[in-house]
Amino acid sequence: MMSSNYTAIDSQNVSGSVPAATDPPGQVAVKFTESNLQTFPPSSSQGKISGASGPPRDADDSFSKPVSGSDEPQQSGWFRAFTIAAYKPYFDVDTSDVLERIKDSLLPFTGSFSEKTADKPDLYGPFWICSTLVFVAASIGTFITYIAHKLQNKEWNYDINLVTWSAGLFYGYSTIVPLCLFLVLKYFSAPSGLVQLLCLYGYSLFVFIPALCLSLVPWEIVRWVVAGVAGFMSATFVALNLKHHIASAGERWFFIVAAIFLLQLALALVLRVYLFNVTV
């Protein structure tokens with residue numbers, strides 16, 4: 001039943017928005033602003049909320065600008081040398097590439113290693129070759145001294161200095177010698193890439209891995225022969241691969257190649273005295 005205080009709404013007059021009710025006597029009128037419910041969102045923006053369908057401008061900028069702690073550094077110049085991204089290309093090699101370069105290091109008379117690695121020298125192979133040498137030298141040296149002490153019924157103590165000495169020798173030699181050679185060649189106007197020299201010297205040390213394994217043979221003459229052959233192969237590999245490049249340095253190229261060859265033989269002698277030798 002309809003109350004007498006309200007006016008009935010004729011349904012035929014309703015179209016679009018709801019009309020406001022008439023004010024009966026003695027009542028307060030409540031009016032609502034008209035709104036178009038057929039369109040959402042409204043065409044005009046009110047308040048602080050934008051009526052645009054896209055995200056706020058600051059949200060787009062936050063994804064387009066590089067983050068300060070992102071993985072893509074923006075450094076340039078010398079600062080780039082202290083970033084990981086600067087060294088990624090030198091570790092981007094396949095197993096087949098490393099095995100091929102190891103095979104070339106065991107065939108020293110070809111002298112084609114520098115040409116094959118000129119476009120893409122790597123540091124992955126040299127790093128693991130030096131790491132393997134440190135492990136093999138420390139393991140075999142410890143095993144030999146342990147057996148020798150047991151055979152003579154003597155007390156044996158593990159020598160940690162063998163690990164540190166081997167690490168300093170192999171890592172130091174494969175880094176300092178190429179760096180010095182890089183400066184010498186630059187002085188004689190025959191510059192060579194530092195990474196290429198590090199790659200060449202790193203692979204030249206691979207021949208000492210099987211040589212250290214053969215040092216288990218208990219005969220001194222065999223150890224001298226093994227150390228001599230390994231040193232000669234390593235020295236020949238380095239000298240022949242640098243010969244054609246150093247020849248452009250002038251008349252003194254022969255002395256530079258001879259110094260490189262003798263220095264590699266000196267490394268073999270040091271290994272023979274300190275690592276191929278059993279001290280009880």
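Quick reminder: no glycine exception, Cβ is built from N, Cα and C everywhere.
Just so you know, TrEMBL annotations are computer predictions that nobody has curated.
Database features, via TrEMBL:
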type	residues	note
COMPBIAS	1-16	compositional bias 'Polar residues'
COMPBIAS	33-48	compositional bias 'Polar residues'
COMPBIAS	65-74	compositional bias 'Polar residues'
DOMAIN	112-270	domain 'Yip1'
REGION	1-74	region 'Disordered'
TRANSMEM	123-148	transmembrane segment
TRANSMEM	168-188	transmembrane segment
TRANSMEM	200-218	transmembrane segment
TRANSMEM	224-242	transmembrane segment
TRANSMEM	254-275	transmembrane segment
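The highest tally of CB pairs under 8 A with the transmembrane segment (254-275), across 123-148, 168-188, 224-242, is held by 224-242.
Confidence over the domain 'Yip1' (112-270), given as mean pLDDT on the 0 to 100 scale, stands at 88.
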